[in-house]
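A.B. asks: Quick paste from Swiss-Prot:
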| type | residues | note |
| --- | --- | --- |
| BINDING | Cys433, Cys439, Cys478, Cys482 | [4Fe-4S] cluster binding site |
| BINDING | Cys482 | siroheme binding site |
Amino acid sequence: MNKKFKKIVTEKKLTDAERIKENSNYLRGTITDDLKNEITNGFTGDNFSLIRFHGMYQQDDRDLRIERNEQKLEPRYAMMLRCRLPGGVIKAKKWLKIDYFASKYTLYGTIRLTNRQTFQFHGILKKNLKDVHKMLHSIGLDSLATANDVNRNVLCTSNPMESLIHQEAYEWARKISNFLLPHTKAYAEIWLDQKKIVTTEKEPILGKTYLPRKFKTTVVIPPYNDVDLYANDMNFVAITKNEKIIGFNILIGGGLSFIHGNKNTWPFLATEIGYISVENTLSIAKAIVTTQRDWGNRTDRANAKTRYTINNFGLNEFKKEIEKRANVNLKPVREYSFISRGDRFGWIKDINNNWSLTLFIQNGRIYDDNDKLFKSGLLKIANIHDGNFRITSNQNIIISEVSEKNKNKIEKIALSSGLINKSTNLRKNSMACVSFPTCPLAMAEAERMLSFFITQLENIMLKYGVEDEVIILRVSGCPNGCGRSLLAEIGLIGKSIGRYNLYIGGNRIGNRIPKIYKENITEQEILIHLKYLIKTWSNERKNKEDFGDFIVRKEFVKEVINPVYDFWS
């Protein structure tokens, strides 16, 4: 361990987030008191942060802020709740209750699929929170540890029934998720009214003050990188033999968030550290998490994530500590490669001769509006489907394990409700975070602007004869990275209302960070620049060259090789 760095860190004052965790009594705080408080619809003091460990964020409708302020009213507080759903798999019949709750108990009546393979509700009033937790519990689900300084929802390559390997990988995602969960009984006591029976508690893996920052994990089956592994803290890349997983390549330290203007923050790709046999999976997971727990920076949250810890101590030192704690020697990385990270839309036959139908859900927003009857369509499918729904890391949904007798019925519903539609490859490979009106961190629109923006970009691509090509396009309303714009070929990151930084030069498979091309420009200015770039790409690319590769080859931006030094240069 770098003793000099350790001394500097320990001499600094811990962040207030650390005080909150230390004093929380294992995430209880005074949340139960706030639930009884009818004067405000929000949570107060430390509880505002603590509810995140229970899977909720306090938000307000930013479209109404000024109006409510003028009326001397508090903001329209409501909670966003995110379900824990490792691998994104849920029984179709369970969807019936999820749909019912969204319709009856949320302000917006929608369900949002996320790029972390789960769903979330927006607009839950405080008085309805216990109802949603009890509803989730009744169908075997919860929202524990889907936010704040813990291991978040574990991702897994989609459609695990496509092969025995997919099913095995999904089971590992579940095992890792359960293994790294907080042990506190606070969630059950507060939301499910279970009596406290344990007088002393311990968190053997996460510790009393949990992790320094959020921590994200994936399980990946090459050649598909649909989970965007390079954006995650801890990754298990499956190595197989005879249709069985025999081990994992381990990659650590990925992450995309940064702060505008703060050159001490930067995105970073997860880095290979070695190979393990499958029986060492949980011990390695524990070693990585506890090393980050103990070595991570608790004095500066902007530099608290795993990638900064590795940068501070050095990759070799971090790796040695993992091996020491796990009592495992990491072997050389085994060969693997990726060919894409998009979803495969349409029907696919699985290992049991059943069918899976992958549906494109733009921005993951499930709602009903005019010809888009996504919500009622999925409800109709859930009523007749005996299998699963599988949420993908691209915010789409797979109707899986469809029997031959139900295949035509489900297809008819999907067609009539607009769930099967003719979308361009550009649109199908786009993504946006939620942003306005509910995200308190949003600087610019994302989800609400994306569809119209894509339509204009589609017209440009049509004009230059590349309308069928794939370009990875992503929009984030702020630099926190939720929309994964910094793994896109074209990435927009909000700077202020109507203005974005334009990043270009990422690649198709998601292992190159794009670089800023233009700063603080409007949507129309972005389209002007992209029109020129797409025209040039159409005329000068070599051998069906991807857009991002062309951008780097022609040096419209310099390739980001080590973002610690060249992301900002």
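Cβ from N, Cα, C; glycine included.
Are these features on the surface or tucked inside, and what are their neighbours?
C.D. replies: DSSP gives Cys439 ([4Fe-4S] cluster binding site) a coil state; it is part of no helix or strand.
Under 8 Å, Cβ to Cβ, and six or more positions away along its own chain, Cys482 ([4Fe-4S] cluster binding site) finds Asn115, Cys433, Val434, Ser476. The DSSP secondary structure for Cys482 ([4Fe-4S] cluster binding site) is coil.
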A.B. asks: When you average the Cβ positions of Cys433, Cys439, Cys478, Cys482 for the [4Fe-4S] cluster site, which other residues in that chain have a Cβ within 8 Å of that mean position?
C.D. replies: Val434, Ser435, Leu441, Ala442, Ala446, Ser476, Gly477, Asn480, Gly483, Gly494
A.B. asks: Under a criterion of Cβ-Cβ distance under 8 Å and sequence separation of at least 6, what residues of the same chain contact Cys478 ([4Fe-4S] cluster binding site)?
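C.D. replies: The answer is Ser435, Cys439, Leu441, Ala442, Met443, Ala444, Ile493, Gly494.
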A.B. asks: According to DSSP, does Cys433 ([4Fe-4S] cluster binding site) sit in a helix, a strand, or coil?
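C.D. replies: For Cys433 ([4Fe-4S] cluster binding site) - judged by DSSP and reduced to three states - the answer is coil.
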